[in-house]
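Listed features, source TrEMBL:
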- 14-134: domain 'Pyridoxamine 5'-phosphate oxidase N-terminal' (DOMAIN)
- 225-244: transmembrane segment (TRANSMEM)
Amino acid sequence: MGAYFETIPKSLIKWILDQKVFWVSTAPLAGSGHVNVSPKGGAYFGVIDEKTFWYMDLTGSGNETISHLYENGRITVLFNAFEGPPRILRLFGHGTVLEYETPEFTDFVKAHDVKTIPGSRAIIIVDIHQVGTSCGFSVPYYDFKDFRPILNDFFEKKAEKFAAGNENESMPRYWALKNSWSVDGLPGVRTGQKTMKEEGIVPLKKMVGAAAPESYKSPVNGFSLAQLLFAVILSALLSAFLVLHGNEVVDTLKAALTHGRKRPIWGFSPVSV
C-alpha cells in the first residue's frame with residue numbers, strides 16, 4: 001500500500017544512499033512545454049537531513065532540469081528497488097541550482113566534503129515537502145554490473161586539452177553551445193548564457209519540426225514600460241473618479257441594495273426613451 005510522509009523516514013535513508021540509479025522529473029510551466037525525465041547514476045548524491053536531498057548534476061547534451069528549476073523550481077526524484085523487497089520512493093520538492101564555481105556551489109562542496117569531477121555542472125538541492133512510497137510489485141529485478149565510465153572519461157580528456165592550452169575545450173564554451181537553452185527555449189546554464197553572449201557562440205538547436213521553438217531568447221522579466229505607464233494612468237483616472245464621485249457611488253449602491261429604487265447616478269438623471 002502507498003504511504004505519504006512529510007519527511008524521509010529514517011528507515012529509508014540508508015536504502016536511498018545504497019541505490020545505483022534514480023530519476024529526476026521536471027516540467028516547464030507552459031502547457032505546450034515538454035515534461036523531462038532524466039536518469040542519474042553514480043555515487044554523486046546524498047541526504048543532508050530528513051527534508052533535504054542533493055545530487056551533483058553532470059554535464060551532458062541537455063539541460064532541461066536546470067532550465068525548469070530556474071523557471072519554477074518543481075522537481076520529483078524517483079527511486080526503485082531492483083533487488084530485495086519491492087519499493088518505489090518519490091521525493092517531491094523544490095529544487096535549487098548551485099552552478100559550478102559560484103560561491104554557493106563552492107560553499108556547499110566545502111561544507112559537505114563533496115568531491116567534484118571534470119564535467120561537474122551544478123549541485124541540485126531538493127527541499128522536500130512530501131515523500132511517497134508505493135509497492136513496486138511490477139518493477140523487475142535487475143543485477144547491477146558497473147557504472148559506465150564513458151561520460152567521465154570524455155570530460156577528463158576535455159579538461160586535459162583545455163589545461164594544455166586549447167581554449168575551445170573550456171566547459172563554459174561547451175555549456176554555451178549545448179546548455180544555454182532548453183528544448184522549449186527556456187534559459188539554461190547561466191555560465192553558458194554569459195559565455196554565449198560574450199563570445200558570440202551560436203547554440204545548437206535541439207528540436208525539429210513543429211515542436212522546435214522559432215527562436216531562443218530570454219523571456220521578459222516583469223512589465224514593459226508601456227504596460228507600466230498604462231497602469232499608472234489608469235490608476236490616476238480611477239483615483240480622480242473616486243475622489244469626485246465616491247460618495248455618490250456609495251449612496252447609489254446603498255439605495256439599490258436596500259430600497260431597489262432608481263436614483264440619479266453621479267449627477268445624471270435617467271433619460272426616458
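Think of each number as a place in line: the chain as shown, counted from 1.
Cβ from N, Cα, C; glycine included.
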*Count the residues of the domain 'Pyridoxamine 5'-phosphate oxidase N-terminal' (14-134) that DSSP assigns to helix (H, G, I), to strand (E, B) and to coil, and report the three numbers in that order.*
22 helix, 58 strand, 41 coil
*asked:* Could you tell me the mean pLDDT the prediction assigns to the domain 'Pyridoxamine 5'-phosphate oxidase N-terminal' (14-134)?
replied: 98
